[in-house]
Amino acid sequence: MENITNNSERSLDRPKRQRPVSMENVGGTASGSEVARSATLLELDLLDCPICYHKLGAPIYQCDNGHIACSSCCKKVKYKCPYCSLRIGFFRSRILEKIVEAVVVSCPNAKYGCTEKIPYDNESESAHERVCEFTLCYCPEPECKYTGVYTDLYRHYHAEHKTDHSWFKCGEYNNAWLHVTGEKLSFLVLQEYEDGPLVVVQCSMESHGICVTVNCIAPCAPGVGEFSCHLIYRNGSEKITFESKKMNKIQKVSPENHVANYKPIPYYLRGEASNFMSIPYYLLDEASILKMQICIRRSGEEV
């Protein structure tokens, strides 16, 4: 009884997740279909496993007293219902499986403008969120806490943070100068004229040299922030070039989306698999400024 009380108390303490929910037509028994067609649920917690609190999904099991559990929890409790001690994990709750399968919820980004409806399961929701056009993006300025959909972020950056040295024009070479400061991550934000897309050039000092990456701040939605870039570094007669036919997209500037997750490759061995430019230390001058040139083009406009 102690376990039941604790579970109940924890369930009451949890904040209720309320999102617009509808039930779509699904096949099956008449009773299951009728429930699916007519019901509207607001408390999404009702569709969570009462033991682990994760979203329910087939197979869903119930004991003879009607208590339910997901398949993984049945194994964890050794097929003994924690509420009544009867066997659980042998009889499936088919109607509840039909209901869960039929539930369609609004995207978590609905309040920002997304109108997509997605099945109520972790896999579908995660898959949509990865490519949702309304995923929030963060202002790259270190002291700024602004977040918003990418179009609003671009307007915000133009209004609040624009400088004379941070513009770029597609198809033309622009200066990309970065201060190299020890192991600290340095970055430069470039914005297409007016309130256009934001491109971030990042560099850091690694064991093999300076690593430079170029990313566009944009959601991973198809057709948004689709750019290519060409980067050039010169030191006397020496020249290193880097070309990315498909610029990576990020939502937030951080070390995690820089070279920490990339496998270092010497510049002379760099191939199509590399997504950063490596500049050996012996090619650096004594100045603390890394002077490069960058040409950014929209996908499909490459020459």
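Cβ atoms here come from the backbone N, Cα and C positions, even for glycine.
Neighbour list (Cys114 (Zn(2+) 1 binding site), Cβ cut-off 8 Å, at least 6 residues apart, same chain): Ser106, Cys107, Cys132, Glu133, Phe134. The Zn(2+) 1 binding site annotation in Swiss-Prot covers Cys107, Cys114, His128, Cys132.
In the structure as shown, the Cβ atom of His161 (Zn(2+) 2 binding site) sits within 10 Å of 16 other Cβ atoms. For Cys139, Cys144, His156, His161, the entry in Swiss-Prot reads Zn(2+) 2 binding site.
Annotation source Swiss-Prot lists region 'Disordered' at 1-30.
Swiss-Prot lists 99-286 with the feature region 'SBD'. When pLDDT values are averaged over the region 'SBD' (99-286), the model yields 82.
Summarising the annotation, Swiss-Prot assigns zinc finger to 49-85 (among others) and lists sequence analysis as the type of evidence.
Helix, strand and coil counts from DSSP across the zinc finger (102-162) read 26 helix, 11 strand, 24 coil. Annotation comment: Swiss-Prot describes 102-162 (among others) as zinc finger.
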Cys132 (Zn(2+) 1 binding site), number of other Cβ atoms within 10 Å:
21
For Cys139 (Zn(2+) 2 binding site), the number of other Cβ atoms found within 10 Å of its own Cβ:
21
Over all shown protein chains, what is the count of other CB atoms within 10 A of the CB belonging to Cys107 (Zn(2+) 1 binding site)?
21
Determine the Cβ neighbour count for Cys144 (Zn(2+) 2 binding site): the number of other Cβ atoms within 10 Å of its Cβ.
13
Inter-residue C-alpha distance, His156 (Zn(2+) 2 binding site) and His128 (Zn(2+) 1 binding site) (nearest angstrom):
26
